[in-house]
Amino acid sequence: YSQKKKSITSSKDVCGYPLSIFFIVVNEFCERFSYYGMRAVLVLYFKYFLQWDEDLATSIYHTFVALCYLTPILGAIVADSWLGKFKTIVYLSIVYTIGQVAMAVSAVHDITDSNRDGTPDNMTFHVALSMVGLFLIALGTGGIKPCVAAFGGDQFSEHQDKQRRTFFSVFYLCINGGSLLSTIITPILRGQECGIYSQQKCYSLAFGVPAALMVVALVVFIVGSGMYYKAEPEGNIMLDVCKCIGFAIKNRYRHRSNQYPRRQHWMDWAEEKYDKLLIAQIKMVLKVLFLYIPLPMFWTLFDQKGSRWTLQATTMNGYFGKLVIQPDQMQIFNPILILTLVPIMDSVIYPLIKKCGFNFTPLKRMTVGMFLAAMAFVCAALVQVEIDKTLPVFPSASQSQLKLLNMGSSAVTVNLPGNESLTLNAAQVCLCNVIFSQTQDLTSKPGQGNNEIRFVNGMNMPVNVTTSAVDLGLIEPFYYSTYSTIKNGETKFSLLSGSQSCEYIKDFGFGGSYTFFIPSTFVFGPDCQDSITVVEDIEPNSVHMALQIPQYFFITAGEVMFSVTGLEFSYSQAPSNMKAVLQAGWLFTVAIGNFIVLIVAEIAKLPNKWAEYVLFASLLVLVCIIFSTMAYFYTYIDPSEIEDQFSKKVDEDEDDKDKREKAEIKMVRRDSAESYDDSYKQSNM
């Protein structure tokens, strides 16, 4: 303690705060920006860049998140038992930075795009590099998670309690601030188009900026090195707890026969080797950890807002007036609602419930939070039902789609086997499901909110069609162009044939497919816009992204009541030296919850997404009932009182021991005196 006091006293203070903490705060903001920015676009990178299906993209996403919540346990043990917090943060931040750079490089499509068509030719290289990058990121972000906040707290002396509390408030504000800004910015970067030979969605920039922020975080943290108080590693309580539990189990197994008397609790079998106070503290922790058993199901639903919900948003309309919201930007509602709901809950909702005479205990709050998360997935299911109504119906396995286009100047009657006769007017298109096929067409809805368009030339002269972003090329007479990708928004097409030209303007939404027919009667000039016939092959996204706001509200309200209250409850029910054990257990429930997503999705194999949402909601309601039953029989305790009782008992035992020792000394002295008298008498005789 004297070494710490001397070290902190020698450091500079700014406005009553150690100068060193400003480096820590900046480091945390940049690191959280880096992590959440990369994670915001990750599932879309899997689907659209690596070209995985939604199930595989979701599975790998949740595996990554699970690893990010498993590695903090490793980081805490390394910091407390071996390297210390400072070295652990520096070394793992280097690993973290390498991982972010690897992700940015893996998203550069030009590296393996030898034919320059915009699609990587060696996808194995990109997949392997991205998986290595994600593993390093999980190791880095998880490893430093338990160290940074604790390292910041170490910088304050004993008389700076108020400043320490303010620091933690600012620290967690930086976490939410970094998350909020990165969730806004990185999807915008992803939506840009970049490339050396061909222009594609700029995932490399979306990963590159977080990588740059991680470099800044590392440099800033190292610059402040000379100002930090660096506590020496003193051992990790989790290792002691595990050893004590292991010894109790092993000792109980050795004495499993009936000849040995039973003990009140199975942890009592560790009394031969470990202190009774430690055993009592572990009993209190195990009581809380038992309540953790149903908790992973909440995280199973909660973390799908970054996977399933983001993929759901890609099939929706993102126009908010003149503002366009990207699918992965919808996640910004989570940090915004957290910053809004936490003070409202603490200042308005909870006091109001208390005034109504209802005992809204922490475990009851957590139960309500789980129920709200289930309601969020019911909302997601209802939104999915509306989306499914707008999705195109493609031919079944026994059918093909035939597109009939009348390119002449008069009506045509068409007779198809097994179908009624059709009359097509000039420049008219008809779609028919028949048992034979003449042409190939789109077999899925355009991804990433883009639009697919093509032109059909019905004139007897070639036409060149171009836009500022795409060149459809020269279209021969009575022929069509291949599909080209067009972003949402207004697009101007230039039609050229010899010296004649036409400007055609079309405003596109999200996820539509169109065929533009240039009729044989087409005339170039200022009025050419009205001569082109537009056929909507696939309806654009019409369900608005605003419909996702209720599900984000319910999931965030559930998070506030479940997560914030759960940590508060856990800390109040455990001894002060066991906080790290409970934090490890809490993070472990998050990891298990993400693994459950993989298990349920693989076992269920439901064809409809709305049914999967209902399944997850139903499972959480079931778990909610189980948890409420467990909570009903839980008895709240005061760990400090129990520890005081043990301390008093130890003191009494020591007093008794002292009395016994004094009595023994008196007895020894008396015996010695009697022995002396006897020997004196014998010598006189």
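Each residue, glycine too, has its Cβ placed from N, Cα and C.
Feature list (source: TrEMBL):
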TRANSMEM  33-50  transmembrane segment
TRANSMEM  56-77  transmembrane segment
TRANSMEM  89-111  transmembrane segment
TRANSMEM  123-144  transmembrane segment
TRANSMEM  165-185  transmembrane segment
TRANSMEM  205-229  transmembrane segment
TRANSMEM  284-302  transmembrane segment
TRANSMEM  332-353  transmembrane segment
TRANSMEM  365-385  transmembrane segment
TRANSMEM  580-601  transmembrane segment
TRANSMEM  613-634  transmembrane segment
Exercise. Count the CB pairs under 8 A between the transmembrane segment (284-302) and each of 123-144, 205-229, 613-634, then give me the winner.
Key: 613-634
Quiz item: How about the transmembrane segment (365-385) and the transmembrane segment (56-77): at least 3 CB pairs under 8 Å, pairs 6 or more apart in sequence, or not?
Solution: no
Practice problem: Using a Cβ cut-off of under 8 Å, list the residues of the same chain at least 6 residues beyond the transmembrane segment (123-144) that approach it. | Solution: 31, 35, 38, 45, 49-51, 64, 67-72, 74-75, 78, 88-89, 92-93, 95-103, 105-107, 109, 111-112
Exercise. Please indicate, using numbers and ranges, the residues of the same chain that are 6 or more beyond the transmembrane segment (205-229) and have a C-beta under 8 Å from a C-beta there.
Key: 4, 7-8, 11-12, 18-20, 22-24, 26-31, 33-35, 37-38, 41, 45, 86, 89-90, 93-94, 96-97, 100-101, 103-104, 106-107, 151, 154-155, 182, 185-187, 189-190, 192, 194
